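A.B. asks: Could you have a look at this structure, given as structure tokens, before my questions?
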Amino acid sequence: MMFKNFPFFKGKKDTSFDHLVEEVKKGYIPEHIAIIMDGNGRWAKRRAMPRIAGHHEGMQVVKKITKFASKLNVKVLTLYAFSTENWKRPKKEVDYLMKLPEEFLGTFLPELIEENVQVRVIGQQDRLPTHTRRAMEKAMEETKENTGLILNFALNYGSRDEIVSAVQHMMKDREEGKVRVEDVSEEMLSSYLMTSSLPDPELLIRTSGELRISNFMLWQIAYSEFWFTDVYWPDFTEEHLLNAITDFQHRGRRFGGV
């Protein structure tokens, strides 16, 4: 049975998946979902395939999950695509990862435009290869007027780096007399982050069974709900995302209260 491993779907054997989707949509849908897409390499290794095969398969899942998140009326979907630490990986793998945005957007951009999806990128883009930057810039330019789901790629992104950069810019504004020490607040610091125009993630998902944050949106996930799964990213499905959201809907978010 499709939903046997999904606790909130138990007892609904005669219910279609589409009906379950509509039931979940009656509840509160997180405005911003962030996903640490982990496990591509291990997925490939288990199948005696090269690691890049796992990344290619993971790209197909991005397409599927983006469409489904849009269907659920999620406002922002942030995907951790490449961290500042990932440069330590073998050059062949890094080179392939830098080609993925071109491949992904080359085939999927028309559908993103049709789905009214807006593409954005956070991260230090100056270190990215020119062909990678151009692919992302083209997608952002061609979707900038779209008003549906914001598909936000974290590419060459590290949260500590982001926070340091934000503080540096704030100090520069202080030197220029634009900021006073007494004006500094959480809201002000947030305004200097790469996500300043976005709501903080309400739900953080990590695949592959790892229980860590990996330098991802450390400031922004202060009050996020976490959802971990042992499933590798290439095996992640719409059912998994629906289950994560259903779990989210059953939690009591107190934000430090009682």
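We number each residue from 1, going along the chain as drawn.
Cβ atoms here come from the backbone N, Cα and C positions, even for glycine.
Pasting the relevant annotations from Swiss-Prot:
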BINDING   Asp38, Glu225  Mg(2+) binding site
ACT_SITE  Asp38  active site
BINDING   39-43, Arg51, His55, 83-85, Trp87, Arg89, Arg206, 212-214  substrate binding site
ACT_SITE  Asn86  active site, proton acceptor
A.B. asks: Which three-state DSSP class does Glu225 (Mg(2+) binding site) fall into?
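C.D. replies: In the DSSP reduction, Glu225 (Mg(2+) binding site) maps to strand.
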A.B. asks: List, in sequence order, the same-chain residues at least six positions removed whose CB sits under 8 Å from that of Trp43 (substrate binding site)?
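C.D. replies: In sequence order, the residues whose Cβ lies under 8 Å from that of Trp43 (substrate binding site) (at least 6 apart) are Gly54, Glu57, Gly58, Tyr232, Trp233, Pro234, Asp235.
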A.B. asks: Indicate the candidate from Asp38, Glu225 with the smallest number of other Cβ atoms within 10 Å of its Cβ, considering only these binding-site residues.
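C.D. replies: Looking at the binding-site residues Asp38, Glu225, the Cβ with the fewest others within 10 Å is that of Glu225.
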A.B. asks: Cα-Cα separation of Trp87 (substrate binding site) and Asp38 (Mg(2+) binding site), in Å?
C.D. replies: 16
A.B. asks: Counting only residues 6+ away in sequence within the same chain, which have a CB under 8 Å from the CB of Arg206 (substrate binding site)?
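C.D. replies: Those within reach of Arg206 (substrate binding site), by Cβ under 8 Å and sequence separation of 6 or more, are Ile35, Ile36, Asp38, Arg212, Ile213, Phe226, Trp227, Phe228, Thr229.
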A.B. asks: Determine, to the nearest whole angstrom, how far the Cα atom of His55 (substrate binding site) is from the Cα atom of the residue listed as 'active site, proton acceptor'.
C.D. replies: 13
A.B. asks: If we count other C-beta atoms within 10 Å, could you say which of the binding-site residues Gly39, Gly41 has the fewest?
C.D. replies: Gly41
A.B. asks: Which whole-number value in Å describes the distance between the Cα atoms of Gly39 (substrate binding site) and Glu225 (Mg(2+) binding site)?
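C.D. replies: If we compare the Cα positions of Gly39 (substrate binding site) and Glu225 (Mg(2+) binding site), the gap is 21 Å.
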A.B. asks: Around the C-beta of Thr84 (substrate binding site), how many further C-beta atoms are within 10 angstroms, looking at every protein chain?
C.D. replies: 18
